[in-house]
Structure formats: structure tokens, C-alpha cells
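Below: one structure, written as C-alpha cells.
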């Protein structure tokens, strides 16, 4: 077991950046290997590390274990606060521990040491009169009550997931950590990420840029360089899996590098709603407000989840006003243009519009290829451009779908012991490609666009040229080129036998105007989301 872990650690150290290795892999320790059940238990020192390693590195560790023992190995992660102190070279295999459940219960803050139980009716010690004994008992009872109250407050604070301001300030005063720093500062790094909830892997360096997201990336970099000054708030919107969350984590990580003492918090809108409810139940709104109003950077993801939640919106409005007044930066993401989010108070919508709103579009072909090539490289796999282009051409919706497809291809190749070719890719993605081809057709595009612009489907094939017909027809041609595998001549034939040059002109015209016309861009975004279901 220890030989394997030394081998595994050495490989991961070569594959990962120094920051990733020191932060996530080095604190782990193997604690048990059950040869009969083919299970390996690995301990992590805290819940945050355990959850992250489990989600990001368990697959790679399982692969290395299978290669090492020449058998499928189930890797289980367990919690052990002393994991980072273990020495793999001298570790003694322990009995296998039960794996932790997948749910993430709220962390329990360590309370003060339990006060000794007080028996008010116990006889007084020798030499102590009854009055003195009663006074001592009363003092002990008060001390116990105070300890219990402190423990209760600590539990509630942990459940609310609000790091204390004193913890923030203390860490800010002593923190000198940078990515790749020595082990002495790894504890400070852990503390930073646990408080901020930032994902240190999501940076500007590994964000693939193309026409679809270059404006959003430029705005994000500007905000990271000048928080609270350039664009406040910065509002990013777009479909699922297009990189909104990656970008806002990148901003937070960049600010931590530039200003290690900055008070930063990433939170999903659902968690914010949950915290508001808990604060209301516990009458802890003073703590809630003090925490959120004191931040330097608030990153709130998927704000559409605030829809219909008036108390949450009210609290967020006050937090927003306080942060902006203090020149703190607010960054928000949504799946929809701000004014299109239903169930949100008008005064919040007006605040969203007061900064910069930027759309992130589905990646274009070249960008999808670049994403696949980079992801394959990070997995230590050589992927030919032919295969990358094939996958990128057939899967168009978002980055997560591309990465999921690549994982299927890699697993299929490894399982069958075959080289990754276009033929193998077709086999691996057979079901996915069938669904994609069935979902979107030119006929469906024509009907959807006609309904959207209130014209007849027959107008798509006609020779009529009024602007209210010609424009939707050009948009339908553009979407047919973007969302189907049809060639230009095939698309032209389906639009009333038009020449392929007519289709090409329409595609180029709409693509060019999309980058300049915010209203057109929004309409296309709505149509694309509708067609993709």
C-alpha cells in the first residue's frame, strides 16, 4: 500500500502544478488496503479537502491503483484530521474504514471543552461551609451554561457557514501564501480556500478563450485588476456549462494572488437562500449582515434562483448597496439576461444593469477543438486534431458536454485497449451522437424561428424579400449552419432551392451582426436555448 502511494504521489506531482500538488495531494495518506475486497482507503485531513479530492482526483487515483495492482480497485476517501501528519513510508495498514456518505453535512465548529458536570446536591468538601459550597456550585453552573451557550453559537455559525470576521482578519495579518509556496504556508492556503469557497484550479491560465467568450474574459481580467472600480457589478449570463463559474473563480483567485488579505466569498444562489432562512430561524441577521457587508469581493452564481424569494432579495439588496458603497466588487452570474429573469424585484434588476452585462455564448468550432485538445493534454493523452474536430463538429452546446464526451472516449479506448481514432470515437459516442442528430433538424429550426418572429413557415421557402421575412430567414439559415451537420448546398435546398452562396452570405451577415447588436445576440441566444431544449 505504501509503495503504491509513493508511486502514485510521484506521478501526480509530475502531472499537477506545484500549487495543486501541495494543496490537494500532499496532505492525503493511505490508511488501509483490503486485498480481498480490492478497496483502498485514503484519508484527507478535513471535509473540504475530502470533497474536492473525491470529485477531482478519485478517477485518476483509481486508474493508477488499477495499473499498480493489475485489478480494478475501489478507492474510498475517509476523514482523518491527522492525515497530513502520517508518513506513508512508515504507515501501518489499518482496518478498512467505512466511506463517508456523499452528502455534505454542514461542518461542526469545534466548541470549547465541556465544562464539568455540576451536582448542586453533592456534599460540600471537608473544610468548606455550606454558603461557600453553594457559591462555588453557582459559579461552576454559570461557567457550564456559558460554555454550552458558546458551543451552541459555534454550531449555529458553522451551520450558517459564515467564517468569522476575526478569523478573516487574523489570517489576513499573517498570510504570505502564494501558489507553489512551501509547506509552511499550506495551512494558510487551506484556510483561505475554505473561507472563500474558491476553487484554486479555475484560473485565467486554463480558461480557453474564443470569440464566444473573449469579451467576458477581458471584462473579468479588468475587474480582477481593478476591483470595485472598473465594472461594478459585473453580470455574466449564458447557458449551462459555458464557463461562467470558471471565470468568476478565476477573478477571485487572481485577487487572492494580488491581495492576499482580501475578504472574498464565492457562493451559489441556492446556498445564499439557505443561509438567509437559517439566519431568520436563529435570529442571527446581525451576524449575517456583518459578514456579507464586510466583504471585498462577493461572487454569486446562478442568481436566477432568487426568483420569487422576496426576503432573500431584500437581504441581498442591502448587501449589494453596502458593498458598492464601500467600493467592494460584486460579480453575478445567471442563465438569462437580467431583464428576462422572472420573479426578481425591479430595484435589483436596475442595480444589475448599473454595471456591465456580458453574454457568454456557446463555443465556436475552433474553440471547441482547443478545449478538447487542452483537456486531453491535461489527462496525459495525445488526441489527434481529426478526432478533436469530429467531436467538436457534432457536439456544440457547451464545455461540460465536450469534457464528458472526451471522458467517454478515453474510458472506451482504455477498456478496449485500442488507439483513439474517429471510428473508435463514433463507437464510444454512438448514443450521444444519435441523440444530437435527432434533436435538431433544419425543419425544426425553420418552425421555431417562424414562431419566434411571427411569420409563416412557408415564408422560409418563399422568394419574398420584405425585411420582416428576409431577416428571420437569414437567422434560420445561420442557425441551420451552426446547429446541424448540413452543408451549405443542403441548407440552401431546404430553404426553397437557394444557392449555397446565398446561405453563406446570410451566415456571415448574421455572425458579424451578432457581435455588434446586443438585441440580435439576445434573440439568437433565446432561439438556441429553445432548440437545444
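Placement of Cβ uses the backbone N, Cα and C atoms for every residue, glycine included.
Over in Swiss-Prot, the protein carries these features:
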{"type": "BINDING", "residues": "241, 243, 244, 245", "note": "ATP binding site"}
{"type": "COMPBIAS", "residues": "96-110", "note": "compositional bias 'Pro residues'"}
{"type": "COMPBIAS", "residues": "111-120", "note": "compositional bias 'Low complexity'"}
{"type": "REGION", "residues": "72-196", "note": "region 'Domain II'"}
{"type": "REGION", "residues": "83-120", "note": "region 'Disordered'"}
{"type": "REGION", "residues": "197-413", "note": "region 'Domain III, AAA+ region'"}
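Across the region 'Domain III, AAA+ region' (197-413), the model assigns an average pLDDT of 89. In sequence order, 207, 213, 216, 360, 399 make up the list of same-chain residues 6 or more apart from residue 243 (ATP binding site) whose Cβ falls under 8 Å from its Cβ. In the structure as shown, the Cβ atom of residue 241 (ATP binding site) sits within 10 Å of 18 other Cβ atoms. Around the Cβ of residue 245 (ATP binding site), 19 further Cβ atoms fall within 10 Å across all displayed protein chains. Listed in sequence order, the residues 238, 240, 242, 246, 247, 333, 360, 398, 399 complete the 8 Å Cβ shell around the ATP site centroid, once 241, 243, 244, 245 themselves are left out. Cβ environment of residue 244 (ATP binding site): 216, 236, 237, 238, 301, 333, 360 lie under 8 Å away, each six or more residues apart in the same chain. Mapped onto three states, the DSSP output places residue 241 (ATP binding site) in coil.
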